[in-house]
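Participant: To start, I am sharing the structure in question, which I have written as structure tokens.
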Amino acid sequence: MLPSSGRDAADLSRPGRGSRQGNRLRLQLMHPDPRPLVLSLTGITKRFGPLTANDRIDLDVRAGEIVALLGENGAGKTTLMSILFGHYVADEGTVNVAGTGGQLAPLPGGSAEAALEAGIGMVHQHFALAENLTGFENIVLGTQSLWSTRLKRREARARVERLIEESGLAADLDVPVARLSVGEQQRIEILKALYRDVRVLILDEPTAVLTPQEADGLAATVRRLAGRGLAVIFISHKLHEVLALCERVVVLRGGAKVADRPTAGADRATLAELMVGRAIPARERPPTTPGASVLELRAASVGKPGQRDRLEAADLVLRAGEIVGIAGVSGNGQGALAALVAGLAAARSGEVTIAGAPAGEADPAGRIAAGVGRIPEDRHRDGTIGALSVAENYVLETVSEAGNQAFGFLRRAGIRARTGEAIRAYDIRCPGPDAAIRALSGGNMQKVVLARVLERAPRLILAHQPTRGLDIGATTEVHRRLIAARGRGAGVLLISEDLDELFALSDRIAVVHAGHLSPAMVAEGLDVRTVGLMMAGHMPGEAA
Amino acid sequence: MIRFVPRERTPLWLTIAVPVGSGLAALLLTALPLALSGAPILDAFRLMALGAAGSGFALAETLTRATPLIFTGLAAAVAFRAKLWNIGAEGQLYAGALATVALGAGLIEAPAYVLLPLVLLAGALAGAALLLVPVLFKSRFGADEVVVTLLMNFIVLLFVQMMIEGPMKDEMALGWPQSAPVLDEATLPKLFTGLRLHWGLVIAVAAAVLLHVLISRTVWGFRIRAVGENARAARYAGLPVGRSLALVGLLSGGLAGLAGASEVAGLKGYLTSDLSPGFGYAGIVVATLANLSPLGVVPSAIFIAAVFVGADSMSRAIGVSNYLADLVVAFALLSVLIGGLLTRFRLVLVRREAA
């Protein structure tokens with residue numbers, strides 16, 4: 001099951017010879033790699049004031065190679081890719097790209113056009129598609145002059161269809177992109193890059209939005225493309241994917257390259273350690289005995305019937321001292337469920353009981369008072385107020401309580417002192433309680449939200465995508481805190497798209513698809529493929 | 001190539017330097033059309049400075065003019081802080097003036113220490129009530145408050161004209177459309193004998209200090225800031241968004257109403273339809289120049305007032321049109337908007353290598 005990506009094209013066209021390839025790989029690495037270099041970065045250094053974002057980074061990529069680029073947030077991945085694409089100019093170092101003849105030639109810095117011209121393509125995590133145009137129009141957009149004739153269009157069409165055939169990237173070309181699934185949109189993005197004759201394809205967190213099955217499909221495609229000589233740089237933080245797909249892994253930490261090694265012989269723990277720079281403590285989930293129910297849904301419906309993100313007659317019981325995970329591709333009803341628990345929406349029909357009392361109307365303040373701690377999906381939009389200070393954000397939900405105000409006047413000294421304690425207790429890296437919270441990194445911002453929620457010892461915790469966009473260190477911390485809250489007797493509703501996270505934390509897992517919530521299944525012994533199928537809409541009853 | 005890099009925090013000197021620099025830049029930029037019109041530039045600026053602050057009398061005139069601008073500037077500052085785009089301060093000013101006249105011109109007779117607070121309060125309430133309508137429309141039906149408040153200005157002004165040509169017309173005014181004068185007991189005392197400067201200035205400065213305390217030190221102010229900066233997150237955190245907006249409406253409309261009340265009770269004594277030469281709209285400029293800081297509104301209003309008073313005086317002396325004042329104000333506004341960019345971003349020069 002180890003690296004199966006292409007040593008050469010012939011091998012790749014016949015997939016499924018995993019372990020033998022692994023052996024051959026190790027053998028071959030003793031000899032110089034025969035494949036031609038297509039991209040060679042040498043000594044790339046980039047400083048922003050006192051910060052060295054990239055420190056003498058070397059990176060060689062050969063034709064047909066799949067290289068993983070690993071690193072925490074702020075490790076320098078984005079800066080390196082931005083230099084490659086001409087958004088930044090490196091202070092030192094050179095970028096060499098193979099031309100059509102295979103000769104390496106320096107790439108002029110600071111020019112995105114030059115990068116595209118040289119055959120470098122990137123699929124960003126957030127797609128750059130014109131949603132009202134069809135897939136075909138998106139693919140050819142910008143490659144034809146405004147006066148192009150029908151004939152050229154037909155030619156282009158034939159070429160796109162040939163590309164689809166060769167690469168296996170199936171996608172409906174004649175439907176507005178907005179109506180395609182996320183997976184299809186991603187395939188359109190990759191086709192867009194291929195149409196421009198890329199020789200180096202960079203995929204930025206490509207599986208973040210996919211179901212496990214879709215991710216497998218993507219991996220197969222990437223292997224096939226690499227087999228045809230395409231060089232792929234795969235940016236991800238899902239280590240098992242990196243190990244399964246890539247033949248070589250480059251790890252950045254603190255702006256410097258700390259490892260450049262074959263994936264063969266590496267495991268997740270070593271890679272994680274390389275990224276973080278220290279050993280990651282294994283997650284421990286001590287057993288608990290679930291207590292009384294803290295959240296009960298009985299045939300609860302939320303949201304308008306026509307809406308995609310809604311709940312239809314959902315049943316769910318969450319008890320004290322357990323974590324129930326909600327799996328599903330975003331937009332299938334998680335938003336409605338989160339809004340219901342957070343107090344932003346009321347159930348259209350059915351019964352909702354929170355901590356033994358009927359939930360009633362939409363009332364965020366009422367939820368807080370009832371002991372519901374809410375970690376919103378989008379900490380920038382819902383969780384924090386960027387222009388306000390760390391202290392002000394910390395007391396956002398409790399500002400009118402006695403400790404924070406007297407006769408309507410803020411008790412600023414007390415607020416600041418308590419925020420200082422939280423900063424220490426949660427290890428929030430910031431200039432101080434008075435710093436604007438928008439100056440903080442995502443992880444530290446999330447720690448402020450976490451501190452705000454957990455300091456009130458809530459009975460029910462809504463954790464909606466609590467680690468989205470966080471690095472390993474911050475993610476580990478969030479997980480540790482949630483498990484500790486469970487141990488203390490809180491019920492945790494964990495809504496996540498990250499199956500690793502769900503399986504690592506949850507006692508039971510339910511799947512939501514198109515507004516329908518499956519019964520919660522015991523997580524231990526649950527097959528991840530079952531969950532994946534359910535996420536794609538194959539509920540067990542129907543699958544038979 | 002110049003790149004904008006967001007600042008993590010704005011240094012204090014810059015928050016002061018930007019408005020001051022903008023004022024100076026505006027004067028410099030105004031020199032251009034002045035020169036084109038053939039006027040002696042240095043003379044014109046000297047006369048403007050003298051006209052605005054060259055004597056005790058000039059200074060008092062400037063401060064008299066600044067008084068309503070402080071009120072309307074505060075009205076705009078508090079509203080814009082909460083992202084409530086109140087463009088209707090002009091109408092609220094007239095509503096306040098109307099209420100002051102209605103109550104102070106003989107309807108109630110009482111000693112000054114009762115009547116004066118009463119008419120000022122009436123003015124504030126009238127302005128507040130006027131803004132409450134668009135605020136309610138906004139939170140109930142999502143009506144755009146920019147449109148509603150702007151259009152209500154014209155309704156109020158026409159209503160004022162109707163009142164002073166009709167039921168409230170002063171029979172002793174030889175046919176001029178103006179209201180009966182307010183009683184002596186409803187008149188704000190002058191600060192110095194022989195000058196038009198009145199106690200309205202003191203009230204305006206006090207209002208600025210109170211508003212500063214309210215916004216930065218109280219729970220109400222906290223909610224106003226939270227709602228203004230990110231209403232979604234405020235709602236998520238259980239803050240009363242609708243009530244906070246209503247409070248802002250009351251404050252903003254009330255302050256604009258006070259501008260009208262203070263003009264009537266302190267300066268004019270009666271109501272005409274040219275009571276305000278656009279104080280309501282100028283308040284937006286004042287607030288913007290002050291970066292929406294209540295304390296900053298005071299110097300900002302004095303600057304704008306000085307430009308207008310100085311330009312008036314200069315135009316009388318050398319015959320350059322006093323539209324010059326509008327030009328200075330417009331340039332100042334543009335400069336401060338550009339300056340605002342500097343407070344939020346650092347400019348970094350990026351050398352582009354030749355391809």
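Any Cβ shown, glycine's included, is placed from N, Cα and C.
Caution: TrEMBL annotation is automatic and unverified by curators.
So TrEMBL has the following annotated:
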TRANSMEM  B:12-36  transmembrane segment
TRANSMEM  B:92-108  transmembrane segment
TRANSMEM  B:114-137  transmembrane segment
TRANSMEM  B:146-164  transmembrane segment
TRANSMEM  B:197-215  transmembrane segment
TRANSMEM  B:236-259  transmembrane segment
TRANSMEM  B:279-311  transmembrane segment
TRANSMEM  B:323-342  transmembrane segment
Participant: Tally Cβ pairs under 8 Å between the transmembrane segment (B:12-36) and each listed stretch (B:92-108, B:114-137, B:279-311, B:323-342), then give the stretch with the top tally.
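Facilitator: That would be B:323-342.
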Participant: Under a Cβ pair cut-off of under 8 Å, which of the recorded stretches B:92-108, B:197-215, B:236-259, B:279-311, B:323-342 contacts the transmembrane segment (B:146-164) most often?
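Facilitator: Answer is B:92-108, with the largest number of Cβ pairs below 8 Å.
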Participant: Count, for each of B:92-108, B:114-137, B:323-342, the Cβ pairs lying under 8 Å from the transmembrane segment (B:236-259), and report the range with the highest count.
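Facilitator: Selected stretch: B:114-137, with the most Cβ pairs under 8 Å.
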Participant: Among B:92-108, B:114-137, B:279-311, which stretch has the highest count of C-beta pairs below 8 Å with the transmembrane segment (B:323-342)?
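Facilitator: Ranking B:92-108, B:114-137, B:279-311 by Cβ pairs under 8 Å to the transmembrane segment (B:323-342) puts B:279-311 first.
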Participant: So if I exclude everything within five residues of the ends of the transmembrane segment (B:279-311), which remaining residues of that chain have a CB under 8 angstroms from its CBs? That is, six or more out.
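Facilitator: Residues 15, 18-19, 22-23, 47-53, 58, 61-63, 65-66, 68-78, 80-81, 87-93, 153, 204-205, 208-209, 211-212, 215, 256, 259, 263, 322, 324-325, 328-329, 332-333, 336-337, 340, 343.
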